[in-house]
Amino acid sequence: MKIRLAATLFKKPSFGGVIDVLMSITKGPVNVHKKGLTSAVYDVHGRRIVTGGSDGKIKIFESLDDACPVEHIVGEKINSVACRYENVIVATEGTYVHILQMEDGLPDGVVTRFTAEVNHLAMNKDLSKTALCSSDFSVKVVDLSGHDNDRELVFKGHQGAVLSVAFDPLDVFVASASCDGSVRLWDLIIGEETKCIYTLAKCNDPLFAPSSCRLCWESTVGKFLLVPVDKEIKMFERVCWSLLCSLSCPSVTRAYNICASSRDGNLISGGSLDGWIIVWRVEDRQAIHRIRDPSHSRICSLFWHPLDKNLLFANENGSVGLVHSPDHQVFLSIIF
C-alpha cells in the first residue's frame, strides 16, 4: 500500500516567494526498509526504482505501485547505491564496493576497497566512472570501463572522514565534503586538489556530523556547485569558487541534509533533517514548492527522474516517495 498526498498550490505565495501546499493524506503503512539511512535512485532509463537500506537489502520496484519488488540481500548496512545499466553499485559499512546484477543479485565484480566504511558514491554523466569516499579520509575515482592499473585515482588531503562526493558533469572535477569542515575540489586531469573551501561544521565522526552534506553540481555543464550548509544551500561558482548565493526557506528549522539538481538544470531540490523538501527555480532563485514528509524525519535521498520533473526521495524511516510537479500542481506519493 502507499500514501498518496494531493498537494494543491495556492496561486500566490504566502511568504518569501514560497508557494504554500495543502495536503490530504490517506494512510496505509507498509515498510520498505527498516529505520535508518535509506537510498533511492532511478535506473538509467527512469523505468525502475532501486532502493537500499540499513537492513542490508536492495529492492527494485517497477513503480511505486509494485507490491512485489525484486529483493537482494547484501548483508551489510547500505550507505549509497547507484545504477549502471543492468547493475547496481553498492557502498556499505564494509570496506568493499560491490557490483550486483539487478535481475538476480549475483555479484558482478568489485569496484574498489577502502580501509574503513564507504560513506557515499556518485556516477559521472556517461556512467563510465564512479567517485567514492570513505571514513579513511580518502576519495577515489574509478574508471569502470578501464582494464589497466591506471583505472583508479586516489585523492588524499581531507583530515577527517569524507561524507559525500559529487561528479562534475564535464568530468573535470570531483567535489567532496568532509568531517574536517572542508569542501574540496579535485582536478581529474592533473590528479590534484585544486581548491579547499572551509564552510562546514567540524566533527569527529560521520555519526555526529550535523548532516550528511550530500552536495551536487548543476547538472548540465556544472555551472555551480551546491553545498548543504546548516539551513541553507550554498551555491559556489565554477572555477573561481566564489559564493554566488545561499538558497533558503523560512519553513526549514533544521539543517539541509542533501541537494539535487534537475536534469535540465532549471530546478534545485533540498531535503532537510526535519523532513522538508524544498524546490527552487534556478532562474530567479525562488523557492517554488515546499512539501513536508508526514513523519517529519530526515530526508536522506533525492534523485530527479532522467526524463521529466519527477523527484524521488527517501527518508530515515525507510520510506520512499515520489513528488510529481506537472504545471502548477504537486502530487506526493509515499510508500511506507
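Just so you know, glycine gets a Cβ as well, placed from its N, Cα and C.
What TrEMBL records for 30-62, 155-188 is repeat 'WD'. Per TrEMBL, the feature domain 'WDHD1 first WD40' maps to 32-321.
Sorting each residue of the repeat 'WD' (155-188) by its DSSP state yields 0 helix, 20 strand, 14 coil. Note on the domain 'WDHD1 first WD40' (32-321): its mean pLDDT in the predicted model is 96.
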